[in-house]
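A.B. asks: Reproduced below are the annotations present in Swiss-Prot:
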type	residues	note
DOMAIN	16-105	domain 'PI3K-ABD'
DOMAIN	187-289	domain 'PI3K-RBD'
DOMAIN	330-487	domain 'C2 PI3K-type'
DOMAIN	517-694	domain 'PIK helical'
DOMAIN	765-1051	domain 'PI3K/PI4K catalytic'
REGION	771-777	region 'G-loop'
REGION	912-920	region 'Catalytic loop'
REGION	931-957	region 'Activation loop'
Amino acid sequence: MPPRPSSGELWGIHLMPPRILVECLLPNGMIVTLECLREATLITIKHELFKEARKYPLHQLLQDESSYIFVSVTQEAEREEFFDETRRLCDLRLFQPFLKVIEPVGNREEKILNREIGFAIGMPVCEFDMVKDPEVQDFRRNILNVCKEAVDLRDLNSPHSRAMYVYPPNVESSPELPKHIYNKLDKGQIIVVIWVIVSPNNDKQKYTLKINHDCVPEQVIAEAIRKKTRSMLLSSEQLKLCVLEYQGKYILKVCGCDEYFLEKYPLSQYKYIRSCIMLGRMPNLMLMAKESLYSQLPMDCFTMPSYSRRISTATPYMNGETSTKSLWVINSALRIKILCATYVNVNIRDIDKIYVRTGIYHGGEPLCDNVNTQRVPCSNPRWNEWLNYDIYIPDLPRAARLCLSICSVKGRKGAKEEHCPLAWGNINLFDYTDTLVSGKMALNLWPVPHGLEDLLNPIGVTGSNPNKETPCLELEFDWFSSVVKFPDMSVIEEHANWSVSREAGFSYSHAGLSNRLARDNELRENDKEQLRAICTRDPLSEITEQEKDFLWSHRHYCVTIPEILPKLLLSVKWNSRDEVAQMYCLVKDWPPIKPEQAMELLDCNYPDPMVRGFAVRCLEKYLTDDKLSQYLIQLVQVLKYEQYLDNLLVRFLLKKALTNQRIGHFFFWHLKSEMHNKTVSQRFGLLLESYCRACGMYLKHLNRQVEAMEKLINLTDILKQEKKDETQKVQMKFLVEQMRRPDFMDALQGFLSPLNPAHQLGNLRLEECRIMSSAKRPLWLNWENPDIMSELLFQNNEIIFKNGDDLRQDMLTLQIIRIMENIWQNQGLDLRMLPYGCLSIGDCVGLIEVVRNSHTIMQIQCKGGLKGALQFNSHTLHQWLKDKNKGEIYDAAIDLFTRSCAGYCVATFILGIGDRHNSNIMVKDDGQLFHIDFGHFLDHKKKKFGYKRERVPFVLTQDFLIVISKGAQECTKTREFERFQEMCYKAYLAIRQHANLFINLFSMMLGSGMPELQSFDDIAYIRKTLALDKTEQEALEYFMKQMNDAHHGGWTTKMDWIFHTIKQHALN
């Protein structure tokens, strides 16, 4: 199911001409040609058409124009009925300018909703109706129960529940204020400014309150009422009654954006308030009548689509209507027959022969040796060969999969043979109804991904490539007299008890497990110590075979160390049903673990549905909405490792997205941004469909965002393709002319920011918009903030739109920096990182937040003249900061620069962020330093003449040292520099304590297909920089050495910067 074929207004045409001839077919058989404006609405076109039709024969056969709608063929080759007649001709995405007039039939509302959903996800919903796979149809029906449940939850307490869905509280996970933030308060109190609109002309009045930081919003409102009524000279009893009467009628809103304090959290737990305390700013809140918020909330009505009433297309055995037998009663080894291949595209002169390589895998681990077919000539790839595997059918685990690839062999006699995969595919050995696959099957294979080093791709997607013009392999599984099912839990438990008692030499009894457990509790102290040591190792450290045996023999004691579960699962022999059955019994009653630990069980190493189900239950129990938002990128990625469409993780994420609109917003965009990827377009498309069906009126907001993004993609495509040779002036003229057109003005104004749905983008400030100079022609866009109190937050919103750069790596790096910042803040380290907003919204398309009042180091150096620009004057940066921060605020600016520089030194070192130069390090006017453009990480650095260009572990040039030491001659001998080093050491050790979390977050991203994150070897770079094989003392010494290299090797960075500056000047 590919995404949309083009971003143009007609097939193969970016922009329609201003006037266009449209062929209109009327119900009386007449064809009328109309000249229409490209921006004309359908209602205008219809009116003109019926006026014109009176001049043609048979016009008396036509009914009134309101009885008809238009229908046409779109660029997806789909027939679409246009019910919304306010749509413009240029926005219909027609294949050709043909319109047919028809009388509408069928359920109008459902058709309109289906069109809106199709537009949002980028493919027509009817494509799902045509899929014959029963798993797809059952998923679509069954997932509606989650949708219904979520909608019912939103309506539970009427308006308040609905408000909580639309405006979920934006709070920190914990109410605890870190000590260094608490110390910024005045004896635990905070000054808050409360604003009230006092007239229809929006006249404002403000009240300044000093309140305890842990007050709940209702107490703040009560205090505001007391202050407001002070002039009324009420008695204490009257005041009490007044407060009681009005306190519950108001709510607090953040001035300048759509954020509300709707729940009884301590004030300082709200993120807005906490950031104000940290930055030393006074929070501005607006007092608003609860009723006015409730009255503008949309009423959600969720209607079951017509397909929910269709009967399942699953075969009778799937519905339990035919005789079945347990997998465990079969007494034969697994075998598979490879029949033949078609569409194998190879160069016969280069390739001698081809063969099929196969393996049975559980996650990335083989369950037995791989087996190859005979080699055959490429011209006629037929095998008809049974392959026998060294594994009994009863020993197949639930998540077993067959992995295969067609491979070529190259090499003459005596020379070393070269084996190369041509195409790969994977098949689940059990379908979604627990049934063992049987009979013949044709599998369309996938192209080999960049960076695949092995012949098989066991962690790749299962199932057939929807593109039928790819290599196709025909194969056959054994047939059995009855349908073969994986045993249920009661049979598994019985077998586990039997195998434990056999192992322990007890008689077969249900008391077997508990007796075994009692013996396990009498472990020697050094065994317990060894278990604890294994438990604390990072997820990438190898577990030896001896350690696996040791873990397994003490598996019952392991229950007392719940977080050891991932290591224990890796020690299970998944090709032994005895061990798997016992592990299932342990997992069933395993104590819950922290969400950060549970997430490890969702990566590609843990495919078993029981294990993944346990992980999801831990997330349901302990993962706050704030933490879920923080880890959402990874949780969406690991959906790719789920065996089937319907699973507990999908249900958990969908329910969260449908009960918290902020989570839903990013859930939508993370899924939508991968719809071009054929390996996941069906899975993600189905999930998007179910989200869009139940997200209520937010679908209209999402479609406004999608429409705006489509317009910007079209514009930038023209700039890169048709206007690439024009001057900047000509390109800018074209941009402004296009943006002034009515359809562009409609689409690009008055919608919610995809970067942050609490921010509204009002009117475009065209005079402030520009095309940036880099190769992909990004757009710098500027919108007004339409909020009534915008001057108290920001009056305009600047965003960079990029078309042509993959922003997923930037998005991941910024997320990791944000998590590092949280860890540091919670440990009392205020390193003032600036992880600005960044969102990938499609294939190499995305948005980046512009940080206000910031400049690149190069811009600052260029202000210092040629000498500064060419880096020979290291004092330029310090002088610039001094000029910007005169008097008392100078010390604060240097302190801010020092803290942020320390944070970014540590972060860029740990993450191996490359390509650092003076155009991607920025400084704000107040001294805060931050990095941008994270195109290279995990030590994949840019190369020049075959060598890695950067030769120091992180950037710490003389320019920075001079600022940190306040301009001292010998920078590294100052107290300020010592303090800076101390900050770096503390920051490094703090992240090292959380190494497992960062390794897990990167491991969960392995399925993303990012070029620099392909395997566990890439992630091993973090093990190296955090020195996880060393003691804490040794790790600190290692980091100190790296830091020493950085400031002594500063001249090499300087040379890189000089070359970069010269190159940029040449480009400009």
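Using N, Cα and C of the backbone, Cβ positions are placed for all residues, glycine too.
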A.B. asks: Hey, which bits of the same chain come close to the region 'G-loop' (771-777), Cβ under 8 Å, at least six residues off its ends?
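C.D. replies: Hits for the region 'G-loop' (771-777): 716, 719-720, 724, 728, 731-732, 735, 800, 802-805, 1067-1068.
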A.B. asks: Looking only at the region 'G-loop' (771-777), how are its residues distributed among DSSP helix, strand and coil?
C.D. replies: 0 helix, 1 strand, 6 coil
A.B. asks: Hey, which of 16-105, 187-289, 517-694, 765-1051 has the most Cβ-Cβ pairs under 8 Å against the domain 'C2 PI3K-type' (330-487)?
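C.D. replies: That would be 517-694.
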A.B. asks: Over the span of the region 'Catalytic loop' (912-920), count residues by DSSP class, listing helix, strand and coil in order.
C.D. replies: 0 helix, 0 strand, 9 coil
A.B. asks: Considering every residue in the region 'Activation loop' (931-957), what is the mean pLDDT value?
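C.D. replies: Mean pLDDT, the region 'Activation loop' (931-957): 68.
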